[in-house]
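**Student:** Input: one structure, supplied below.
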Amino acid sequence: MFDKSSWIRLPRNVLVGHGMLDDLGAAVDELYLSGSPLIVTSPSPDQIVGERVRRQLPNPETVIVGEAGFDQVQKVIDAARAMDAGYLVGLGGGKPIDTAKMASDELGVGFVSVPTAASHDGIVSGRGSIPEGDTRHSVAAEPPLAVVADTEVIADAPWELTTAGCADIISNYTAVADWQLARRLKGVEYSEYGGALARMTAEMLVDNADLIRPGLEESAWIVVKALVSSGVAMSIAGSSRPASGAEHLFSHQLDRIAPGRALHGHQVGVGSIMTAYLHDGPDGMWQDIRAALDSLDAPTTAADLDVTEDELLEALTTAHEIRDRYTVLGDGITEKAAREMAETTGVI
Ligand SMILES: NC(=O)C1=CN([C@@H]2O[C@H](COP(=O)(O)OP(=O)(O)OC[C@H]3O[C@@H](n4cnc5c(N)ncnc54)[C@H](O)[C@@H]3O)[C@@H](O)[C@H]2O)C=CC1
Ligand SMILES: O=C(CO)COP(=O)(O)O
Ligand SMILES: [Zn+2]
């Protein structure tokens, strides 16, 4: 008997462009949602566009969340139950969006994604990325029914948020290489479409790197489109595998070892330089990845990430422990190997 099946969950409305935030109300109306929304956001996005969002929606309430975590998800669930929210709106960067999509899943209500920065590729994905103790979960969550990305707002955000999004996409190169390795060595299920789309997204971004410059709305457009494409790859795969390999494990460890120092995208970019070296050796893809990051003003060294050599080496040698996801790190690399890799690639 044929035993394969898949259920791909994608947004119904994806709005990207200048001034699109003012179409949020119309995009939500088209979804036939009922009741009032709870807006899940963090302080800066709330201050920048909170009022503009609230005045388009019926009797909204707002909850401000901090670092991503299950306590924050619970805070949103409690606030939504208290007002009997009809749906949730995630407004801001990756943390409020992840928190909202996970709370929506638990509550069984719809979720709308309103990114204010092009800093991560979770704006469309049906996955939540949440730390807990010594580990980091990638959990199935409610995918957005609609995504509203206003390129004017996003182009006004600090430039480093956009370069973080670029680096999150460039890391697809090594994420897909890790996924293919896991298929060959461990028989892990692989999606040809998910893998090809994630890799093509990274290639297109690198090909257009010259057009990505601070303050240009065109840049916000290119990066948001790529983030949407990367999120769709995760939805096709039914996992974050197309966009998250060993470079992400390294970043998740840095979040524990050196919290709050650098943005998620910047950490995975530096991780990608090093894990590309592990995949291909000295003459391989790592030099292209480093050059692409460099041309986009994204960090390429430990110092750029504001982490010490010791912190970097600890993250590299323990990254394999945090999740049952086979990557080029195998069952762990020695400190000597980690140092050699970081030195050869110029990260330390
Ligand atoms: N679920 C998924 O598939 C994915 C999830 N993620 C998660 O997303 C998170 C990282 O996302 P980030 O956006 O880097 O973090 P974040 O949500 O903390 O945002 C970074 C900073 O940018 C600020 N910000 C956002 N928009 C702004 C604007 N327009 N103007 C000024 N400041 C603005 C925020 O207030 C915050 O201080 C991590 O937790 C990561 O694991 C990342 C990629 C994929
Ligand atoms: O950040 C992600 C993709 O860019 C996904 O995060 P995870 O590593 O938690 O799956
Ligand atoms: Zn990421």
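Cβ from N, Cα, C; glycine included.
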**Student:** Of the candidates Asp121, Asp297, Asp304, which does TrEMBL annotate as part of the substrate site that also includes Asp168, His252?
**Tutor:** Asp121
**Student:** What is the Cβ neighbour count of Asp121 (glycerol binding site) at a 10 Å cut-off, with all protein chains included?
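**Tutor:** Counting Cβ neighbours of Asp121 (glycerol binding site) within 10 Å gives 32.
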**Student:** Please report the Cα separation of His264 (glycerol binding site) and Gly94 (NAD(+) binding site) in Å, rounded to an integer.
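**Tutor:** Approximately 9 Å lies between the Cα of His264 (glycerol binding site) and that of Gly94 (NAD(+) binding site).
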**Student:** List the residues of the same chain that sit at least 6 positions away from Asp168 (glycerol binding site) in sequence and have their Cβ under 8 Å from its Cβ, in sequence order, or write 'none'.
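**Tutor:** Within the chain, Asp168 (glycerol binding site) has Cβ neighbours under 8 Å at Ser119, His120, Asp121, Leu227, Ser230, Ala243, His264, Gly265, Val268, Gly269.
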**Student:** Can you tell me how far the Cα of Pro96 (NAD(+) binding site) sits from the Cα of His252 (substrate binding site), in Å?
**Tutor:** 17
**Student:** Filter the candidate list Gly94, Ser119, Asp121, His248, His252 of binding-site residues, keeping only entries whose CB is under 6 Å from an atom of ligand 1.
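**Tutor:** Close enough to ligand 1 are Gly94, Ser119, Asp121.
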**Student:** Going through the binding-site residues Gly94, Pro96, Asp98, Ala117, Asp168, His252 in sequence order, which have a CB under 6 Å from an atom of ligand 3?
**Tutor:** Asp168
**Student:** Measure from the CA atom of His248 (glycerol binding site) to the CA atom of Ala117 (NAD(+) binding site) and give the result in Å, rounded to a whole number.
**Tutor:** 20
